[in-house]
Amino acid sequence: MVSESHHEALAAPPATTVAAAPPSNVTEPASPGGGGGKEDAFSKLKEKFMNELNKIPLPPWALIAIAIVAVLLILTCCFCLCKKCLFKKKNKKKGKEKGGKNAINMKDVKDLGKTMKDQDDDAETGLTDGEEKEEPKEVEKLGKIQYSLDYDFQNNQLLVGIIQAAELPALDMGGTSDPYVKVFLLPDKKKKYETKVHRKTLNPVFNEQFTFKVPYSELGGKTLVMAVYDFDRFSKHDIIGEYKVAMNTVDFGHVTEEWRDLQSAEKEEQEKLGDICFSLRYVPTAGKLTVVILEAKNLKKMDVGGLSDPYVKIHLMQNGKRLKKKKTTIKKNTLNPYYNESFSFEVPFEQIQKVQIVVTVLDYDKIGKNDAIGKVFVGYNSTGAELRHWSDMLANPRRPIAQWHTLQPEEEVDAMLAVKK
């Protein structure tokens with residue numbers, strides 16, 4: 001008995017611990033009861049908000065739209081503020097890391113490299129003084145020319161030999177040029193020589209000699225110019241480069257022969273030779289082409305007195321051959337002659353598209369050769385204003401079509417006619 005009671009007494013403590021457990025379990029479900037109170041409060045607040053919302057005299061869709069717009073505006077403002085703050089932080093960080101390098105660059109742009117800071121900035125960016133100077137110094141190589149000079153004391157003649165040119169730049173689409181050389185003595189530009197055109201080459205060999213009749217006593221005040229051009233059949237010829245020789249620096253005790261680098265030519269204005277006005281009329285049924293030389297103006301002064309004695313030659317040409325030739329009367333001592341002289345040529349209709357009319361204004365000289373002031377041609381393979389004039393004539397048969405034309409240098413027109421055969 002004693003042992004049984006003793007066992008019951010020992011079992012009592014565990015019983016008390018088991019009985020204590022339920023209260024701890026009872027406290028846990030109490031929290032949901034507290035959450036339910038919060039939900040009731042939220043539902044009451046929601047109900048109150050909806051009641052107030054219902055009092056507003058607007059349909060539900062309008063309220064929803066207003067709410068969406070308001071939310072979008074708030075989000076946009078927040079995004080802009082965040083972006084602005086981040087941008088400021090980045091700029092400050094860059095300024096600290098680079099030590100104001102950008103500020104120096106701006107100053108470099110404004111001051112164009114006048115201070116030591118600009119030089120330091122160049123060093124930072126990897127540019128050196130040599131590299132800076134190389135940009136404007138990118139001088140294009142223009143090639144070189146070989147020539148010879150001699151003087152014939154018995155005949156008072158300067159002998160200029162154009163031997164060859166080399167390493168010329170390519171000015172044509174095919175990677176070549178069509179070079180030729182103009183030779184003249186300054187200050188007198190009236191007498192000019194030129195070599196033959198050499199096709200599609202950058203190393204032309206000319207081997208041509210030209211003679212200038214100049215007394216030795218006057219030679220020292222003159223300058224020889226050798227200008228290399230690229231021939232262009234459709235437009236003005238491009239100058240490649242030139243070389244000038246002052247005659248007072250040449251020793252004419254022996255023949256001079258040397259290579260010299262071509263230099264960039266000064267852009268000289270096209271010498272104004274004057275303008276000429278003439279009319280064209282074609283009658284297809286009769287095969288008759290009529291050219292009326294009306295007048296010329298602002299002609300180049302050719303005589304010592306500052307005037308000229310101009311007259312006009314008209315050539316009918318086909319395939320480089322002169323078929324017919326006409327000329328006007330000579331007008332004395334004038335740079336603005338008036339002619340109004342008519343000339344007719346027989347040209348069958350099937351040939352009218354193949355012929356050319358070449359108009360040349362010349363200065364009459366009693367002694368010596370008559371010098372050409374300038375010329376122009378219309379018809380087959382003409383371009384620009386000359387082509388328009390010819391086209392207008394063909395488009396208006398039996399009607400005279402008058403037009404002004406600018407005179408061009410004789411050598412340029414002759415070169416174009418030589419190609420356009």
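Positions of Cβ are set from backbone N, Cα and C atoms, glycine also.
Look at Swiss-Prot and you will find 1-60 tagged as topological domain 'Vesicular', backed by a curator's inference.
Annotation source Swiss-Prot lists compositional bias 'Low complexity' at 10-23.
Among the features that Swiss-Prot reports, N-linked glycosylation site is placed at Asn25, with the record citing sequence analysis.
Annotation comment: Swiss-Prot describes 107-118 as compositional bias 'Basic and acidic residues'.
According to Swiss-Prot, the compositional bias 'Acidic residues' annotation covers 119-133.
Residues annotated as region 'Phospholipid binding' in Swiss-Prot, with similarity to another entry given as evidence: 135-381. Model confidence over the region 'Phospholipid binding' (135-381) is summarised by a mean pLDDT of 89.
Annotated Ca(2+) 5 binding site per Swiss-Prot: Asp303, Asp363, Asp365, Asp371, in sequence order. In three-state terms derived from DSSP, Asp371 (Ca(2+) 5 binding site) belongs to an extended strand segment.
For Asp303, Asp309, Asp363, Asp365, the entry in Swiss-Prot reads Ca(2+) 4 binding site, with the evidence type sequence analysis. For Asp365 (Ca(2+) 5 binding site), applying a Cβ distance below 8 Å and a minimum sequence separation of six or more within one chain yields Asp309, Asp371.
Sequence-distant contacts (6 or more apart, same chain, Cβ under 8 Å) of Asp363 (Ca(2+) 5 binding site) comprise Met302, Asp303, Ser308, Asp309, Pro310, Asn370, Asp371, Ala372, Ile373. Same-chain neighbours of the Ca(2+) 4 site beyond Asp303, Asp309, Asp363, Asp365, judged by a C-beta within 8 angstroms of the site's C-beta center, are, in sequence order, Met302, Ser308, Pro310, Tyr364, Asn370, Asp371. Cβ-based neighbour count (10 Å, all protein chains) for Asp309 (Ca(2+) 4 binding site) stands at 18. Asp371 (Ca(2+) 5 binding site) counts 16 other C-beta atoms within 10 Å of its own C-beta, drawing on all protein chains shown.
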